[in-house]
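Undergrad: Copied straight from TrEMBL:
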- Ser112, Lys113, Ser114, Asp115, Gly162, Gln163, Thr164, Gly165, Ala166, Gly167, Lys168, Ser169, Thr170: GTP binding site (BINDING)
- Cys243, Cys248, His250, Cys256: Zn(2+) binding site (BINDING)
- 63-219: domain 'CP-type G' (DOMAIN)
- 72-217: domain 'EngC GTPase' (DOMAIN)
Amino acid sequence: MLIGQIRQSLSGYYDIDVEGITYRTRARGNFRKKGETPLVGDWVEFKADNQTEGYILKIRERKNILVRPPVANIDYAIVVTACKEPNFSANLLDRQLVMLEKNGIIPLLFFSKSDLLSDEELKQMNQIVANYQKIYNCQLASLNSVITLLNNIQNRVIVVMGQTGAGKSTLLNNLKPELKLETGEVSKALSRGKHTTRKTTLLPILENLIADTPGFSSFDILDVKKEELAKYFPDFQSYASGCKFRSCIHLNEPGCNVKAAVNNGEIAKTRYENYQQFQKELSNQRVKYRK
Ligand SMILES: Nc1nc2c(ncn2[C@@H]2O[C@H](COP(=O)(O)OP(=O)(O)OP(=O)(O)O)[C@@H](O)[C@H]2O)c(=O)[nH]1
Ligand SMILES: [Zn+2]
C-alpha cells in the first residue's frame, strides 16, 4: 500500500504524488456506494503495481473541503476579483469569503484588471479595496502581495478561486511564466458560459502547492446555519458582543450593536446588505429542506 496526495483529477482519473513520483489511479466502486468522491488535495491510501494502473483504497480524514472549487485540505485562498470585465461584484466576493471563513481558510484578496478603470472608477475601487483592507489582506492588482504570502509559507495548499474570466490563470502565469496556463477572452467566456480552466491541478510554486481552478458565475452559501452566519463576517465580531441579546442575529432585534455600527459607518453598508441577503437565502434553503 502507498500513501500520497491527489494533485489532479480528470475524467475519473486521479493523479497521486508520492515524493515526486506520479501514479495515475482510479477510485473503485466502493467509493460510489458510500457517496464519497476523492478530491484534489486529498491524502489517500492506494495500491499500484505500476505508475498507470493504481486504485484508491481510502481517503484520509480531511481538514476541510470546498465544494466550489472542489479541493480538500486547503490552507489559503487567493480570491481573484475583477474590477471590470466581468464587473466587480461585492456580493460574489462576500459569498466566497463566508465559505472560506466557515472552512478556516485564510483569504488573500487579489483585485485584478484595475488597468481597465477610468480615473473616476479607480477612485471608487480604491475606496472599496480600502474597506476590505480593514478586514482582509488585500491590494489592487498587486503581484507582490501574492509573492510575499508565498515566500512566508511553506508546504501549504493554496487555491486560486474566483469568477470566470477574473484573471486566475493570468495571475499564475505572471507568478510563474513557465506554467503557460491557457487564458481566455472574457467577452467570449461570459457570453457563452465557457470556462477556460476546466480541471483542478495542484502545481508546485515557491515551496507551496497552488491550484488554478475553474471559474464560476454564481456561488452558493452551503451548509451554514442562520445563527452562525454572522460568525463568518469578521468585521461584525467586535460589535456583536455589544448586542442586547446574546442570540442576536443582527436583523430585527432591538439593541443590535452591529446595526448601530452599520448606521454610523463603522461597518460597510454593502457588507451588511449582503449579510441580509444571505440570511434570506438561508431561510429559503431551510424551507426547501423541510418539504
Ligand atoms: N486588462 C487586463 N486584462 C486581464 C488582466 N488579467 C487577466 N486579463 C485578461 O482577462 C481574460 C481572462 O483571464 P484568465 O486568466 O483566463 O481568467 P480565469 O479567471 O483564469 O478564467 P477561467 O479559467 O475561465 O475561470 C484574459 O483575456 C486575460 O488576458 C488584467 O490585469 N488586466
Ligand atoms: Zn445584533
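Glycine is treated like the rest: Cβ placed from N, Cα and C.
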Undergrad: Does anything in the same chain, at least 6 positions from Ser114 (GTP binding site), have a Cβ under 8 Å from its Cβ, and if so what?
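TA: Result: Cys83, Leu122, Met125, Leu140, Ala141.
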Undergrad: Taking the Cα of Thr170 (GTP binding site) as the centre, which of the binding-site residues listed as Cys243, Cys248, His250, Cys256 lie within 10 Å of it?
TA: none
Undergrad: To see if you understand the setup: which same-chain residues, six or more apart in sequence, place their Cβ under 8 Å from that of His250 (Zn(2+) binding site)?
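TA: Correct list: Ala230, Phe236, Ala240, Cys243, Cys256, Val258, Lys259, Tyr275.
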Undergrad: Would you kindly give the Cα-Cα distance separating Cys248 (Zn(2+) binding site) and Lys168 (GTP binding site), rounded to the nearest Å?
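TA: Spelling it out, the Cα of Lys168 (GTP binding site) and the Cα of Cys248 (Zn(2+) binding site) are 38 Å apart.
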Undergrad: Can you check which residues sit near Cys248 (Zn(2+) binding site), meaning Cβ under 8 Å from its Cβ, same chain, 6 or more apart in sequence, and list them in order?
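TA: In sequence order, the residues whose Cβ lies under 8 Å from that of Cys248 (Zn(2+) binding site) (at least 6 apart) are Ala240, Gly255, Cys256, Val258.
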Undergrad: Going by DSSP, is Lys168 (GTP binding site) sitting in a helix, a strand, or coil?
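TA: DSSP call for Lys168 (GTP binding site): helix.
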Undergrad: So how far apart do the GTP binders Ser112, Lys113, Ser114, Asp115, Gly162, Gln163, Thr164, Gly165, Ala166, Gly167, Lys168, Ser169, Thr170 get, largest Cα to Cα in Å?
TA: 18
Undergrad: Using a 6 Å cut-off on Cβ distance, which of the binding-site residues Thr164, His250, Cys256 come close to any atom of ligand 1?
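TA: Close enough to ligand 1 are Thr164.
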Undergrad: What counts of helix, strand and coil residues does DSSP assign across the domain 'EngC GTPase' (72-217)?
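TA: When I sort the residues of the domain 'EngC GTPase' (72-217) into the three classes, I find 59 helix, 38 strand, 49 coil.
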Undergrad: Where ligand 2 binds, which of the binding-site residues Thr164, Thr170, Cys243, Cys248, His250, Cys256 are close by, with Cβ under 6 Å?
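TA: Cβ < 6 Å from ligand 2, in sequence order: Cys243, Cys248, His250, Cys256.
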Undergrad: When DSSP states are folded down to helix, strand and coil, where does Cys248 (Zn(2+) binding site) land?
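TA: In the DSSP reduction, Cys248 (Zn(2+) binding site) maps to coil.
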